[in-house]
Amino acid sequence: MKMKLLGIILLVSFPFVLGFAGIPIEEGENSVEVGEVERSCINVGDFCDGKKDDCQCCRDNAFCSCSVIFGYKTNCRCEVGTTATSYGICMAKHKCGRQTTCTKPCLSKRCKKNHG
């Protein structure tokens, strides 16, 4: 009796296990396979590839920032540069092929005096 009950439990739970394991289950002719859509750029806060350039990050002043542990880049994410670095990052992104609008930061005393 125990073996019969075990067989029924396994038979009922098998589709659930396959679903959680990520194995696609085809159900007839109209089964749809969902694929990952490739994005042209990565949003701020999302993971990026530390081996690629900063063009992978969407915003004009965003760059791929990584933690370095024992010489290896890990936990790379797209981050926004500081006021001091944003303009340089934006200017470097002109090579990415996207239209970038870079506004020079107001850092000097003279600039701050004139622009509030």
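Heads up, the Cβ atoms here are built off N, Cα and C, so glycines get one too.
Annotated in Swiss-Prot:
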type	residues	note
SIGNAL	1-19	signal peptide
DISULFID	Cys41-Cys58	disulfide bond
DISULFID	Cys48-Cys64	disulfide bond
DISULFID	Cys55-Cys90	disulfide bond
DISULFID	Cys57-Cys78	disulfide bond
DISULFID	Cys66-Cys76	disulfide bond
DISULFID	Cys96-Cys102	disulfide bond
DISULFID	Cys106-Cys111	disulfide bond
MOD_RES	His115	histidine amide
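Feature map: Swiss-Prot annotations on the structure.
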{"residue": "Cys41", "record": "disulfide bond", "CB count, 10 Å": "15"}
{"residue": "Cys48", "record": "disulfide bond", "CB count, 10 Å": "23"}
{"residue": "Cys55", "record": "disulfide bond", "CB count, 10 Å": "17"}
{"residue": "Cys58", "record": "disulfide bond", "CB count, 10 Å": "15"}
{"residue": "Cys76", "record": "disulfide bond", "CB count, 10 Å": "19"}
{"residue": "Cys78", "record": "disulfide bond", "CB count, 10 Å": "21"}
{"residue": "Cys90", "record": "disulfide bond", "CB count, 10 Å": "21"}
{"residue": "Cys96", "record": "disulfide bond", "CB count, 10 Å": "15"}
{"residue": "Cys102", "record": "disulfide bond", "CB count, 10 Å": "16"}
{"residue": "Cys106", "record": "disulfide bond", "CB count, 10 Å": "13"}
Tell me the Cα distance separating Cys78 (disulfide bond) from Cys90 (disulfide bond), rounded to the nearest angstrom. 14
In the structure shown, with every protein chain counted, which of the disulfide-bonded residues Cys57, Cys64, Cys66 has the densest set of Cβ atoms within 10 angstroms of its Cβ? Cys57
Given the disulfide-bonded residues Cys66, Cys76, Cys106, which lie within 10 A of Cys55 (disulfide bond) by CA-CA distance? none
If you compare CA-to-CA distances from Cys96 (disulfide bond) to each of the disulfide-bonded residues Cys41, Cys66, Cys76, which comes out shortest? Cys41
Integer Å value for the Cα distance linking Cys78 (disulfide bond) with Cys58 (disulfide bond) is 8
Cα of Cys58 (disulfide bond) to Cα of Cys64 (disulfide bond): how many Å, rounded? 10
So of all those disulfide-bonded residues, Cys41, Cys48, Cys57, Cys106, which one's Cα sits nearest to Cys66 (disulfide bond)? Cys48
Considering Cα atoms only, can you say which of Cys41, Cys48, Cys57, Cys64, Cys76 is the nearest neighbour of Cys102 (disulfide bond) among these disulfide-bonded residues? Cys57
